[in-house]
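Record features, source TrEMBL:
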| type | residues | note |
| --- | --- | --- |
| TRANSMEM | C:21-43 | transmembrane segment |
| TRANSMEM | C:63-83 | transmembrane segment |
| TRANSMEM | C:119-139 | transmembrane segment |
| TRANSMEM | C:151-172 | transmembrane segment |
| TRANSMEM | C:193-212 | transmembrane segment |
| TRANSMEM | C:224-247 | transmembrane segment |
| TRANSMEM | C:276-294 | transmembrane segment |
| TRANSMEM | C:314-335 | transmembrane segment |
| TRANSMEM | C:369-390 | transmembrane segment |
| TRANSMEM | C:402-425 | transmembrane segment |
Amino acid sequence: MLEARALRKAFGRTTALDGVSAEIGEGEIIAITGPSGSGKSTLLHCLAGIIRPEAGEVRLDGRRVDTLDEDDRTRLRRENFGIVFQFGQLVPELSAVENVALPLLFNRHGRRESLRTARSWLERLDTADCADHLPGELSGGQLQRVAVARALAVGPRVVFADEPTGALDSLAGEQVMDTLVGTARESRTTLVIVTHDNRVAAYADREIVLRDGTVAGASTVGTSTAGAPAAGAPAAGGEATT
Amino acid sequence: MYSLGEYIECIVAIMSTRHVLLGLLAERPKHGYELKKEHDHHLPGARPLAYGQVYATLQRLERDGFAEVAETAQGGGPERTVYAITDRGGAELARWLEEVEESAPYVVSPLFSRVVVAAVTGGAADGYLLRQRAAHLARMRELTAERRSGSPARALAADYALQHLDADLRWIETAMERLADLRGEIDA
Amino acid sequence: MITVIRMPVRGRSAPERARARLMSVGAALATFLLCAAVTLVSFRIDTPDDRLWMFTEREPRLVVALTLALLVVPAAVFTYQASRLATATRERRLAALRLAGATPYETRLIGAYEAGRQALLGGSLGGVAHLAVNVVLWWSLDGVVPLLSPVWTLAALAAVVLAEVWSGLAAGRHVVASPLGLVRRARLRGPRAVDLLLVALGVALLAAGLIGKGRFPVLGKYGAALSMTAGMVLLLFGLVLAATWLIRAVARRAGRVTAAPETLLAARIVQADPRAWARALTVVGLTVFFGSGIGAQQGNVLLRTGLQPPYLTAYLLIDLALLLALVTSAAALVVHQAEELLDHRRSFAALAASGVPATALGRVLTRQALIAASPVCVVAAVAGAGLVILTGADAPGWSPGAFAFTAVRAAVMAGIGVLAAVLVARASRRILREALRPEELRTG
């Protein structure tokens, strides 16, 4: 469904991506891992149409994404994607429920309906009592669950998460991941997680390991000790089995 | 590789059954069958405690004065005998809980040996490390799924296993980077 | 210590250099205006000179001097806003100094040193510029315009530098709070009773000046003018600060009913910190207040006496001064918007990443300006016109036409004020585009 071919992107003299290909299927949960500076976030930004690669292509359902102009990519992101960042994505002056309702309002859903939907998402993610609090009054774990609710509320086809637990301790991180992955599976939403935490990567069906801007390896559910693809193999193919 | 059961066995071996049973008795007096059931419930994935072992351990506890027979139901038989913890037993349990576990010498693990040998022989090390990573991660996925579906006790056990596997993986990552550096030095 | 204080000045980033330059410009303007006002007051009175009747006859001259002195206020506010700009980036460097062991007092000294340095640079320029203009006028107008003693220039310069140093000390407060970089601004600071005290004090001074016209206990007739001036300024500051209440009420109302996400965002952001908006809008409010008040005066005079060229010239000059004040105040608003965008760059960049168009976020800026500026401008316009009508009640002949003229003029002034705020917000969209770059999304 989402496909990247031979992506290349440099920031100044630093090459962030150097010929990365990846293929992501409908409803799959993918982890993009690798050491810091390996190009994980850049790959996510390219896949999500936030930045344009210098070479290579990104396709959603076979349709080129990277060649679209800024307006069309913005519309595409709004209609198809939800995004969760490490921190700081909620507007500090809006209450949790208003933050969740924001993308719905931008999609012209009407005030009542948007707020109702937002509240029901907060309930679903076990954060109903946070609804009327400002982000400054919430814990890190609650903030991230509100952010997850905001990403999911619009019913996206793909949710991108960039180090969603990076600012959290183990238990809070686990709660956020349980919520994110559980809801994604229920609604058959594709989930792409960038992380350097193996325990977060273990939530995914499959991982794409980046090193120095190239794909170093990949692993899939069900691979036994000997069965993993060798280094340098493209990250394509692993079908979700759980 | 490490299975959940294997990990639990390690824990149990370290903890010793004596102290686990003492701990369970500290709650209230119990009979042998009850103790076996609770042991298996609290330490899921561990090899189920044989009934004979429960009985033998209880007798040793009684001999040492850590436990006593509180009540013997009519008809005798060990399964009807209710044991209670004594004051000395309580003191022993407290002493044991105070003790610090010896830091395990993990560096003697087979994984460590394999990586070192792979590095020394050169060439294949990188590929091996990636395959090892894939295998570890696959096991971690299973554990993550188990943790989600299981009881709190199972979650504790899964956490224990997950964090150890994670430590291995992080070491593997460092090893890969270090090997790359070494290779760079050799090439230069 | 001196070395430590000077160190941060060298390691400045581009926005900080821009901020420093803005502060210098503000200081230059303030010094120039202060000197000009002093020069004006020291004109030889009653020298018959047709061209300069405005400056040589007592009453019009007072009005002009007053206007010039009042123009110092926007210049000062502008400089203060500039000193606040880029504090976000500066804070990080100063916080690093705190971690390295600098005491809170020392970090504040650094802020004060930077501010004072720019004020001295800019103020000197302003003083020199004034001297140059002064010499040219003195020479070309046969001595009607006196040469201002350099002592006065130095005094004006000292006043400006001192004010800047003080504002630098004040602007360093966040950093003083915690060495750990991330300092949460004190939000939701509500209106204070002091605001009302300002209003009361202003009214009292104004009344004293009016009642004691000509026989004022201190400084004679100048004392009365001074008292009225001070009263008006205090009253206006008080009114604008009290408008915090109004701004918050309007914002809360807008946030509660709207279905437009842009309005919701704008309303909540304004509601969370109405004081910052009230402060930034002080000068706009001041301009609208005077514009509306002078409008009422003009309406009365013009409709009573007909169009007389000398009056027209005077009014034209005053309106020109008002326009200048408005432009300066607009600059202060730009600074406020920039500061606010710095605060929001992460959450806004996240919104943009998830598909909110930049144009929609631009609308958030303009709606904030609308929500905050409307109440301030309306209050200022009504207060300005009302004050003139009330105090001028003893003046003969308020015709219905004059009232109508006053009302229209007040409405126009309020409209211009709001328009200025909205235009500034539209201009700030360039800063917004910078803030929305994907680089802002980088973790860590």
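A Cβ is built for glycine as well, from the same backbone N, Cα and C atoms used for every other residue.
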Could you name the stretch, out of C:21-43, C:119-139, C:314-335, with the greatest number of CB pairs under 8 A to the transmembrane segment (C:276-294)? C:314-335
Between the transmembrane segment (C:119-139) and the stretches C:21-43, C:314-335, C:369-390, C:402-425, work out which stretch tops the count of Cβ pairs under 8 Å. C:21-43
Contact between the transmembrane segment (C:314-335) and the transmembrane segment (C:402-425) is defined here as three or more C-beta pairs under 8 Å separated by at least 6 residues; is that satisfied? yes
When you scan the chain for residues with a C-beta under 8 Å from the transmembrane segment (C:369-390), skipping those not six or more beyond its ends, what do you find? 206, 235-236, 239-240, 243, 246-247, 249-251, 254, 266-267, 270, 274, 277-278, 281, 284-286, 288-297, 300, 333, 337, 398, 403, 406-407, 409-411, 413-415, 417-418, 420-422, 424-425
